[in-house]
Every structure is written in structure tokens, then in C-alpha cells.
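Lifted from Swiss-Prot, the feature list:
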type    : residues                       : note
BINDING : CYS443, CYS449, CYS488, CYS492 : [4Fe-4S] cluster binding site
BINDING : CYS492                         : siroheme binding site
Amino acid sequence: MTVQTKTKGLAWQEKPLSDNERLKTESNFLRGTILDDLKDPLTGGFKGDNFQLIRFHGMYEQDDRDIRAERAEAKLEPLKFMLLRCRLPGGIIKPSQWIELDKFARENSHYRSIRLTNRQTFQFHGVPKAKLQTMHRLLHKLGLDSIATAADMNRNVLCTSNPIESELHRQAYEYAKKISEHLLPRTRGYLDVWVDGKKVQSSDDFLQEDEPILGKTYLPRKFKTAVVIPPLNDVDCYGNDLDFVAISDGNGQLAGFNVLAGGGLSMEHGNTKTYPNISLELGFVPPEHALKAAEAVVTTQRDFGNRSDRKNARTRYTIQNMGLDNFRAEVERRMGMPFEPIRPFKFTGRGDRIGWVKGIDGNWHLTLFIESGRLVDEGGKQLLTGVLEIAKIHKGDFRITANQNLIVANVPEGGKARIEQLARSYGLIHDGVSKLRENAMSCVSFPTCPLAMAEAERVLPDFIGELDKIMAKHGTSDDYIVTRITGCPNGCGRAMLAEIGLVGKAVGRYNLHIGGDREGVRIPRLYKENITLPEILAELDDLIGKWAAERNIGEGFGDFAIRTGIVKPVLNAPVDFWDASKAVAIARA
């Protein structure tokens, strides 16, 4: 059995462990009594520990909050169902797989939609408990699964969707897959519950299981990993626990990776012990040591991360508690080798290349803008059907991007016309979409997310429409501002790496953050607190007017807000995120 390293000198070790640690210890390697709950017809949900345990299997219990009060008045439990998030490292999926997933979404999910996420995968919303094993068995048949896409594990591994640098992308994508596989849990609990559908009867069977990397109690908190290919930072690498920045050898081949750690975007309103932070540089490793580096960072976080207070359990807090130099030294000790110095790299933007792009291998790639990633047939558009019809004729693959868009990848010259015709006829290509809208993002929020405090996905289209009018008023329609709305401070919409970030505070009210940058390397500062969308638009009307009149050539809105002193930059988030007066420049490496 795995023996986790005993650590000393960490304040949290003197405090009681969180109940989640008990839950994991007693879960029989994540099986719990989920199978018993699946047989219970009296509720649409899961009871006790199982409510949490299903998250390790890639699901969350949710309900339709739009009708929650109505059902309560009728003495009914909430309309419970599950969200499922697939594991799809790098976001690549085959058209043949998509056709089967589309069929399941239409026939078995409450909302009859597929949601593309900013972690390069898809989600089903509204899957009833009775259909869960059917769903997982379908994924298994297609060579897919949902293990470790939620809870205290390494989540879906991102990889830059770069259709131009085809060979470098192929190499980086292969490492994204290898990292994902290497950091997966080893328990058979997922297969026992969802595919085989049987209990393991003997405790001796559990004694044969081991988690050599994650340990019996897995990680202290969620853990996010990305592989990024400069100069495009589409995966928002500074917002992850662990990042591998692919470095080219100058001839289009992979020379190795710069390794960064400690990014994360969640916080809690009013809790100054929580804060978003950008990831910090550890060093460079050649490709053959990438898995060793990944394992060393993960096991360091496993053993040193806070298991008492989950609000301070992410890797960024571990680095803050240990100090960056000590964290790096521990990782190097576990790697059995030192990092090499960081290799130079630079990001120039984050947005997807909407439309056709030709790769260096001669194949074409069509990036479709999907607002908030929602594929559904409604409102005069048949987006879900459109992708299905493309999947029926496409011989290449699909790539889900970290900007919630979809790439129809590897299209030969002769196949372009038919695919574009289908995309246009089903509303997947629509001329006149502003750059502002193309660079906007939202989380799901209402009606399904139980943590939502304010709307996000459902208000984004109209909010961007009003912001487009303001941009036109000030003569900036040909430009863009990275704008993101998230329904609560947990960070799913990545608003804490936006130039304009709205964070839900209460129904109809948001905190307005400004001052991030286009490249995604700076956290925006709180500008106005607990205000309505009309009030936010009024504030932005004034600020965008100033930006239009006084900006330097090529200067983004966020950079302008910092240069002119509208807000102070967040330079050292643990110190100055909540108190701008403490903003003092520090060395990041």
C-alpha cells in the first residue's frame, strides 16, 4: 500500500481533518454504497457520502432551480438529476463518438443539449439517476470515461488547440494524454459501479488495491493541469495548478516544457484568506522527464496540501505556506533531478481563430464560434443538429477548445465546401459576430448549478449586445475586450483572468473587476462591488470612452486601466488582492 510522506511544520496538521478526508478513507476506493442508491426509487438523488463520492466519477447532483420553489410548494423534492463531465484530454473527439453522444443527449437528458466547457470537454446536463449506468456504459463502449473530471483529483488535462503548428501540436497533445493517464486513479471502483454494476464483496479485494500517486485519500482538493503552446494562451495556463509550456526547438519539434505551478481562480466573497493567483515558474524539463515532473508536483501537493480547511487546500496555498523555493526544492527531490532554467516564451493572445485556417500539413480546420459552448436546437438555430450532420460526413476529428468553441479539424481541400454549407445552414457560422462576443465567456450558472448566486450563461448574450453598442458608440467596434461572467466566485468562467470580469454576488448583482490583460497573465482588480448589470454598463460606458480617446496604439482595455491608474495591478495576490494599497512589485520566479 502507498505510504504518504509525513510532513512537519504545517499549521493545518495541528487541526482536525475535514470530513471529506473521512469520506475518502471510508469509501472503499470511491465505491461507497452508490450501487444501493441507484436501486432506490424514492429519490432522484444520492444520500450521505454518495452525494460527494459521485463527483470522483465525474458527476454532480443538481436540480432545476427555476422550478425548485414550485415543487417545494407542491410538497415534492427538487427535480434532481446529474451533470456528467467527460474526460477528454486535449479536447479531441471522433465524429463517430459524437454521433452516439448526440443520440444519448436527445433521448436521455432533460435539456437535450451538449455543453462544451472551457476545460475542453463536454457536459450532459439533466441526466436522471435511472440512466446513469446506461450513460457510463455508452462512454465505455466509445472508449471514453468520466473518471476524475471532478472532486479531489487531477481534472481534465488541457492542450492548446493549435491547428497550424501541426507537428508540435501533435507532440504536445500526446503528452497531455500521457499526463492525464499517468495521474489517473488506479481503483477499479469506477468500472465496478458503472460498467460492471456489481459490488466487491470481500475486504481482501480492497487490500489488493493501491493508489501509488494519489494515495488512499487522494488529493486535498481539485487539481487542474494544462499543456500550452506559445504564443497562444487559449488554455489560460496561469489559472491552473500545474502547467507545461511547450518549448519548440526552432524547427517545429518539441524541445521540452517550462513547468509552472500554483495558479487558481476561485475565492470566497469577503474571505481574505482566499484569493485567485497566477501560476509561478518552477523550471524547464526535457520531454522525457515531463511525467516525472507531473508526478512530483502532484505528490508534493498530496502530502503538503491543507487537509483541514478545504478553502485553503489548492496548490497555490500550499506554495504560499511552504514558500516557492521550498516547494520547488521538494519537487526536485521527488523528481531526483533539478529543474533547468526557464526557457524564454511569450504569449500574444488567447482567442480562437474563428473560421478556416490551413495547417502546415495542408489540411484545413474550421473553428466554429459556439456562444458559451451551448449546443442545443432552439431559438431558430439548430446548433446540435448542425454538428450532428457535420459528424455524419466528416472524416477528420473534432476539437473542443478552452474558449468553449468547436474545431472541425483535418478537413481536406475537397471537403471544405460541403462542411461550410452545413455549418451555415444550421447557424453554426453567422457573419457579423463581433470580436467582443468572440472573446467573451461564461459559466453555466442558473438554472442547474447549485452554487450559482447570479445569472451567467443566460445573460451573457444580451449583456454583450449592450456592450457592443457601447463599443460602437466610442468607435471601437473593430477591437475587443476579454469579457467574462461567472455566477459565483468559484471561478468556472475564468473571470479572474479577464480584462472585464463579472462575479455573481446575488441575484441580479455582481462584483465588477477590471485590469486583466489580453494575454491572460494578470488578475483583474475589484473596481465596483455588488452592482446591477445596468450599473455595470454605465460604468463601462464611461471607462470605454476614456480608453477610446486616450489609449496608446494597440493598447488593450485592461492595460489602459492599469497605466492610467483607474485600478492598481494585482502584483502579489496573497498580499494585495484584497487591499490595493499593498500592491508592490515582486519577483515571480
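Glycine is no exception: its Cβ is also placed from the backbone N, Cα and C atoms.
For CYS443 ([4Fe-4S] cluster binding site), applying a Cβ distance below 8 Å and a minimum sequence separation of six or more within one chain yields CYS449, ALA456, GLU457, ILE485, THR486, GLY487, CYS492, GLY493. Applying an 8 A CB threshold to same-chain residues 6+ apart, the list for CYS488 ([4Fe-4S] cluster binding site) reads SER445, CYS449, LEU451, ALA452, MET453, ALA454, VAL503, GLY504. In this view, CYS449 ([4Fe-4S] cluster binding site) is surrounded by 21 other Cβ atoms within 10 Å of its Cβ, with every protein chain counted. Of all the Cβ atoms in the protein chains shown, 23 others lie within 10 Å of the Cβ of CYS492 ([4Fe-4S] cluster binding site).
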